[in-house]
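Written out below as structure tokens is the structure these notes cover.
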Amino acid sequence: MNKANPKNTPSVVPKKVFIKTYGCQMNVYDSQRMTDSLSSKGYVATQTPNDADLILLNTCHIREKAAEKLYSDLGRLRVMRQARTLDKPLMIGVTGCVAQAEGNEILRRAPMVDLVIGPQMYHRLPDLLEQTKQGKKIVETDYPVEDKFAHLPPHNKRAVRKRGVSAFLTVQEGCDKFCTFCVVPYTRGAEISRSVEQITEEARQLIEAGVKEITLLGQNVNGWHGQIANGKTWRLGDLLYHLAKLDGLKRLRYTTSHPRDMDDSLIAAHRDLDILMPYLHLPVQSGSDRILKAMNRQHKSIHYLHLIEKIRTARPDIAFSGDFIVGFPGETDEDFEETVKLIKQVQYSSAYSFKYSPRPGTVGATMKNHVDEAVKDARLQHLQVLLLEQQNAFLRSKIGQTTDVLIEKVGRHSGQMVGRSPWLLPVVVDTEASTGTVMSIHIKNAGSNSFVGEIANV
């Protein structure tokens, strides 16, 4: 009996997927999970679109002209697709929040797109791709009955290791706050919280793959809640205490928070858990109570400042970042000065600031009394100068201090590594230490958005 010669067996060439990710950390997580899902169909990730058999654009709808940016990118992909030969066809898909908002309009304006799926549907991606192979165009933007997270495969350990020692983990999705400037409730849907069991299992998978730092994600992450076996309801603070006990995990973070859901148990976690990093992104958007009301933020500036004080009392070394919108409809010079006043009171380590732009479908888009663009520009410049001054002051304040740094990747130069400080900023240090190591580092200097350090003498 002749045995088959494995050398004569033709090898199966894996299909390649390229995912371009726009926007927030949750989109990064979603792209990673889509890659994991597609691995069951023989796809491997590629960093080069020209090599790809499948290109997915995982879109964000938060900023102005998000849809036009998508159509511009699709125009370039159309040219790429036309240049392909018959033996190297290219499939194109649009996912994420612009897909949710635009739906069939994407196929109308870009007929070469094969599938359009919203952020709640990507667990069905492998099956939907099979349908496109039969020439069917797919648009799936409904909210499914099933729990998408329950239908995702386990993390691919090899892929996790390649991504590094820090990882995102979505625990909450959607938003019920309906801020008048924001599209998230319309593109991500109502707030849902994943179960403690699901979150714990996924965290364990990440840790087993070598992850040392996990950032919990949610559009309103501190709105997370879940029931445990005895029927008791947990909030995010309880979840953090629970995850802090997992063997092998060295650091925890979470983002993005709403001031309304920043409760005492969560503040206590900042006080009690060394594993919870002293950094908090807590957007406020405006310092004017009148504008906060128009934005439907459901709190006043004094409430926000009181929270900042309570959190700093619990964790004195904490650094705050925030979000600010200038030029919201009806914003006066006095309103803007209230924002400047709040920023000076808080003293941020970093912050994001933007000009208001109306998002289709939001209440803000129907408001009158819009602020002149030149006024918006001037206010934004004023704000960014102030915020940059605060960022530089924060960076300088850490020079001479010694802090723990998580080594994440190889640096640009030989013998150099880059790590992550407790305040999220990168630290460059000369060391041969392995990734995943937490080292005591003396901060020698600071750049515009990073530190330079050396191994501390212990």
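Including glycine, each Cβ sits where the backbone N, Cα and C put it.
According to Swiss-Prot, the protein carries these features:
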DOMAIN    15-134  domain 'MTTase N-terminal'
BINDING   Cys24, Cys60, Cys97  [4Fe-4S] cluster 1 binding site
DOMAIN    161-393  domain 'Radical SAM core'
BINDING   Cys175, Cys179, Cys182  [4Fe-4S] cluster 2 binding site
DOMAIN    396-457  domain 'TRAM'
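Cα of Cys60 ([4Fe-4S] cluster 1 binding site) to Cα of Cys182 ([4Fe-4S] cluster 2 binding site): a distance of 12 Å. Using the Cβ center of Cys24, Cys60, Cys97 for [4Fe-4S] cluster 1, the list of other same-chain residues with Cβ within 8 Å runs, in sequence order, Tyr22, Gly23, Met26, Asn27, Thr59, His61, Ile62, Ala66, Gly96, Thr187. Taking only the Cα positions, the spacing between Cys24 ([4Fe-4S] cluster 1 binding site) and Cys182 ([4Fe-4S] cluster 2 binding site) is 14 angstrom. Taking all protein chains in view, 25 other C-beta atoms sit within 10 angstroms of the C-beta of Cys97 ([4Fe-4S] cluster 1 binding site). Between the CA atoms of Cys175 ([4Fe-4S] cluster 2 binding site) and Cys97 ([4Fe-4S] cluster 1 binding site) there is a gap of 13 Å, rounded to the nearest whole number. Cβ neighbour count for Cys179 ([4Fe-4S] cluster 2 binding site): 21 (other Cβ atoms within 10 Å of its Cβ, all protein chains included). Counting only the Cα atoms, the space from Cys182 ([4Fe-4S] cluster 2 binding site) to Cys97 ([4Fe-4S] cluster 1 binding site) is about 12 angstrom. Comparing Cys97 ([4Fe-4S] cluster 1 binding site) with Cys179 ([4Fe-4S] cluster 2 binding site), their Cα atoms are 17 Å apart once rounded.
Per-residue confidence over the domain 'TRAM' (396-457) averages 95 (mean pLDDT, predicted model). Neighbours of the [4Fe-4S] cluster 2 site: apart from Cys175, Cys179, Cys182, residues of the same chain with C-beta atoms within 8 angstroms of the site's C-beta centroid are Lys177, Phe178, Phe181, Val183, Val184, Pro185, Gln219.
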